[in-house]
Amino acid sequence: MTHPCITFSDLTLGYDSHPAVHHLDGVVETGTLLAVVGGNGSGKSTLMKAIVGMLRPMGGYCTVSPGTRIAYLPQQSELDRSFPAQVRELVALGLWPKRGLLGRHRPEDKELVGKALMAVGLTGFEKRPIDTLSGGQFQRALFARVLVQDADLILLDEPFNAIDTKTVTDLVTLIQRWHGEGRTVLVVVHDLDLVREIFPEALLLAQRPVVWGDAREALSAENLLRARQFQESWDEAAPWCEPQDDVERAARSADLPGSGRSDSVVGRTQRGVA
Amino acid sequence: MMGGIGDFLIAPFLEFVFMQRALLGALMLSFSAAPVGVFLMLRRMSLTGDAMAHAILPGAAAGFLLFGLELVPMTLGGLVAGVVVALGAGAVSRLTVQKEDASMAAFYLISLAVGVVMVSMRGSSIDLMHVLFGTVLALNHDALTLIALVTGTTLITLAIFRRALIAECLDPLFLRSVSKLGSPVHFVFLGLVVINLVAGFQALGTLLSVGLMILPAAAARFWTQRVETMCVLAIGFGVVSSVSGLLLSYHAALPSGPAIILSAGLLYAVSVIAGTRGVLLTRLPRTSHRTA
């Protein structure tokens, strides 16, 4: 008995008719800790945006199981760090799903914010203006907000960029804690050693799914080389993607190794071809 | 001597009904427009306020052309024109690659040109002066009622949407990820800007009504790091500007609208220099620092 959290079905995402993620099929089971890996421009952030619902698919669909509470930490935040807010106010934004527009913040909410700040090592920073935080402290504060959000599905887009090793270690501990609590966590990561060490499962993207499965197997030298060959293939005058390409895609999907889920991936694609 | 100062500060308001009305109108506007200005500034949309002030001109002018200097048609006209420009510019920026600064500029420039053409069709530059610069000393009962309605609506709306407005300023992507309120709250806010400008233009004219919105807010930014305190301070600055501007206008025989805005401008200048986050205190060489 499986509980799909996210289902991709022949999902194609992109901008101006050029795909950034091409024909992705698969299921992310509830409770999965998945690393999304790939070079710059391989479609990782695009995929995250589609899962949150901020980007409409060009083809196929991406469904998140109904009632799932999502927390999303984008790579390029539009957060205004010059805004006159204190750390506790930034973290308390995470109460939105619980309290909404009008719900009064209760004493236990304040306690929750305090606990979250403690968990990320920012106790005592409650009243600090956010424009005085360092990059690492700021990232910790954003993780505290995710903690407060208490989400079922957590999407982190390159959360370790420009973050020192101590902070990375602390934040990874939090991610493992979320995984342990049965939450579904997708993390875009560039540090392949970190992926092999921490993540049970990885999806390697190169504007199309290269491989999806056990992290150590997925990140083999051979797969990484394949990903690099696919990469940077943007062509202004690229031909339109025709249905017969599906045959080729089915063959490619059949390569997807990994856990039990990939059987269903292949099955789905073959049905699509038939 | 106290009597002299009392005469100077209080007598004009005791003696003349038109001064009392002007004061009441300007005070209500301060309570309403100044906190709207704080959010406008925090959203880096201060110039949008200016653009919107121009945008309501053709509507007011149309009302004026058709019915003369009447409150209701000019107000309704201004409201319609403001909403059209706000929705149009907002829609272009949300549906196309163009950012809101560019679409807003395009819409308000067209709107302003239409307005000036319409006013010139009717007649004299005095009429244009009235629409552009208002007549705070000629506020009648209807105008005061309108301003009171707008003030009430604004304060209630701000109280309801406060959390969403702050979230939209601070982290718009976050708000979009947890709520569908992001876009609606933006338009609700633009609506507040429009109704405040429409309320203000009776007293201050289209050009100056944005002054009472932006200048107190911009001044308050130099004194505090808290949004709520900033709103309260901005209201306070608006109140002080209104009183001192009207007195200046009375004693020096200056046009009242510009006098109020000049007072607000003076408060802004003082805040830039002497505010706790102003030029002087942030540039002073520090002689001591904490250990951690």
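Heads up, the Cβ atoms here are built off N, Cα and C, so glycines get one too.
Annotated features, as they stand in TrEMBL:
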TRANSMEM  B:22-42  transmembrane segment
TRANSMEM  B:51-69  transmembrane segment
TRANSMEM  B:75-93  transmembrane segment
TRANSMEM  B:105-123  transmembrane segment
TRANSMEM  B:143-161  transmembrane segment
TRANSMEM  B:173-195  transmembrane segment
TRANSMEM  B:201-223  transmembrane segment
TRANSMEM  B:230-253  transmembrane segment
TRANSMEM  B:259-280  transmembrane segment
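If you look at the transmembrane segment (B:201-223) against the transmembrane segment (B:105-123), you find fewer than three C-beta pairs under 8 angstroms, all six or more positions apart, and that falls short of contact.
Between the transmembrane segment (B:173-195) and the stretches B:51-69, B:105-123, B:230-253, B:259-280, the greatest number of Cβ pairs separated by less than 8 Å involves B:51-69. Between the transmembrane segment (B:22-42) and the stretches B:51-69, B:105-123, B:143-161, B:230-253, B:259-280, the greatest number of Cβ pairs separated by less than 8 Å involves B:230-253. Residues 51-52, 54-62, 64-65, 81, 85, 88-89, 92, 131 of the same chain, all 6+ positions outside the transmembrane segment (B:105-123), place their C-beta atoms under 8 angstroms from a C-beta of that stretch.
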